[in-house]
Amino acid sequence: MTTLVELQSVTVTFGDRHVLDQVSMKLERGQITTLIGPNGAGKSTLVKVITGLRKPSTGHVVRQKGIRIGYVPQKLQLNSTLPLTVDRFMRLAGRYDENARKEALSLVGGTHLHHSDMHSLSGGEMQRVLLARALLQKPDVLVLDEPVQGVDVNGQLELYNLIQSLRDILNCSILMVSHDLHLVMAKTDNVICLHHHICCSGEPDTITNHPSYVALFGQQQSEQLALYHHHHNHEHDLAGSPVGPCQHNKQHGHDNA
């Protein structure tokens, strides 16, 4: 598996406060990684470090040479008095011809939106257009900040299916930022639980019973999300085989003891 972006002991400090503390992680080609954590956990800062918008105070960010990173923001503020069609909005991304713009919209199931007014789009349609705009550059890494915010439950499931399909078509790495795992559970390969440092990371079914996850999100949510809920000292993969505990930074005192 090819590593496209690697963070090595990244710390970001604002004044005396460590927003990110010794964060190490990798984004691999063909993998969907979901970043979760409470508000104020440092998720937005981590995204800025990955996309190159912020330099770490200490530590290193290693990006594969020549990779392209696409970014879909959590929300987009548009001037409601400014007429703007979807196609004109897509043109703002750079010098991509009409065929490229139509191809990107087609990939997200948004061909019919080509001439629509941006202000008339539903939440789900807006997310598809933002995705299409990010796809114009054919990214190796696609970063999605709360990609289903403002979308109803049925629309959320459709978007997660679309994101999974885009990963398969483009063979890219996808990083999704989310508050929880309710619908991303079956659509992600790896979960990183962040609270300034990485509390735990691994496959979704190993995360939901992890002490650090329970401490942040509560036992009830953990039990609701767990694929398998056993009172054992081990966990299970999807085939039912025992697996070891979630990888974890023991220096923060969150081990399984």
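Heads up, the Cβ atoms here are built off N, Cα and C, so glycines get one too.
Under the heading ATP binding site, Swiss-Prot lists Gly37, Pro38, Asn39, Gly40, Ala41, Gly42, Lys43, Ser44. Gly37 (ATP binding site) falls within neither a helix nor a strand when secondary structure is assigned with DSSP, and so counts as coil. Here Gly37 (ATP binding site) comes close to Lys43, Cys193, Leu194, His195, Leu216: these same-chain residues lie at least six apart in sequence, with C-beta atoms under 8 angstroms from its C-beta.
Residues annotated as domain 'ABC transporter' in Swiss-Prot, with sequence analysis given as evidence: 5-220.
Among the features that Swiss-Prot reports, region 'Disordered' is placed at 234-257.
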* Asked: Around the ATP site (Gly37, Pro38, Asn39, Gly40, Ala41, Gly42, Lys43, Ser44), what further same-chain residues have their C-beta within 8 angstroms of the site's C-beta centre?
  -> Leu194, His195
